[in-house]
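Per TrEMBL, these features apply:
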ACT_SITE  H200  active site, proton acceptor
BINDING   C208, C211, C233, C236  Zn(2+) binding site
COMPBIAS  10-23  compositional bias 'Basic and acidic residues'
COMPBIAS  32-59  compositional bias 'Low complexity'
DOMAIN    70-343  domain 'Deacetylase sirtuin-type'
REGION    1-74  region 'Disordered'
Amino acid sequence: EGGEVDGEDELRGLAERIELTRLEDEDEATKSAGTGELSSSGSAGLSGKNEGQVSSSVTTEEEGEDDATPPTLRSVARWIQAQEQGTRRNVIVLSGAGVSCSAGIPDFRSPGTGLYDNLQKYNLPYPEAIFDLNFYRRNVDPFVSLASEIWPGLRYSPTLTHSFIALLDRHGVLLRNYTQNIDGLELLGGVTEERLVECHGHFRTAKCTNCFLPHDGEECRREMVEEKRAPRCSRCGGHVKPDIVFFGEGLPDRFGRLLRHDLEEADMIVVAGTSLTVAPVSMIPQMVEPTCRRVLLNNELVGDFSPEGENEGFYNRREHSDVFEEGFCDESILKLCKMLGWEDELLELNSQSQIGDYER
């Protein structure tokens, strides 16, 4: 769990640095306005992000909304469609286990049906031990058994939500998909690797848990799935595991390398199928720019989302009310795609990504 704590501290530090930069920019803009300086747009003291804020209000008027009308899923559709009219859109999708439930993969924390409530057969001292690095070094069998069931590409196919993320990518709208999942369904669904950050790692590569020597990912899959055993390191003899993030490990370098840029560039974040309880990823919706629209597709309200417009956000000055579409992710996505005119494209892409029937 040390890796999570370190990651949260690092993310909070990043938030503080971004906020300090933002405050300095606003202070400079205020000074410019006070001295009557004009930006290139001809407005006193408006430049950079401030110009974006003006553009946002214009877009809202074009969409037929006003500040007194809470945004809806239809508002989201109109906003995305502006990309096709020449207005650049940058959407972050933050996805959790709920986007994979309709594929047959249980989430982690739902009472009664979640993965952690159904691990009795592994005889674990506590449910989270199956993803605990120190426990794995002592006893690989529970994780190997689970890995052989959930290894990407063997049983489970992408859901409509995964296909929607791929459509955002195809239409040039997706800035990044930050996924908390390790099931690999984003890539199988058609999201390009460039647009994907697998916050908790993936199964495609592997390394030794002692000396960290890389191990062939396909060989690791063969031994765990077909032989039901953990590979041994060729250098030190330690246990090898796939490069998914266990408790006690830090997040992938790619996460920290891209996050600051993406937070500054995003003008909408769509959060889907997550309880927002695992830091540091759970903090991302709080850290987007004040002008960034926030959309939650979930069975319940989580985090600091407030569709009533009462939430003032991490920086205490959110410029748009949150959109909350309650229900299962796939149902909300299908509704949104109908509004976008993407329904046929969504269903076709999803059909192409299915890997065949199997017995669960």
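The backbone N, Cα and C atoms fix where each Cβ goes, and this holds for glycine too.
Keep in mind that TrEMBL annotations are predicted by a computer and have not been checked by a curator.
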Going by C-beta under 8 A and a gap of 6 or more residues, the same-chain neighbours of C236 (Zn(2+) binding site) are C208, N210, C211, L213
Neighbours of C208, C211, C233, C236 excl. site residues, C-beta within 8 Å of centre, Zn(2+) | T209, N210, F212, L213, S234, R235, G237, G238, V240
Near the Cβ of the residue listed as 'active site, proton acceptor', how many other Cβ atoms are there if near means within 10 Å?
-> 19
Would you kindly give the Cα-Cα distance separating C233 (Zn(2+) binding site) and H200 (active site, proton acceptor), rounded to the nearest Å?
-> 22
Students should find that the Cβ of C211 (Zn(2+) binding site) has, within 10 Å, a number of other Cβ atoms equal to 11
Cβ neighbour count (10 Å, all chains) around C233 (Zn(2+) binding site) is 18
Arithmetic mean of per-residue pLDDT over the domain 'Deacetylase sirtuin-type' (70-343) = 90
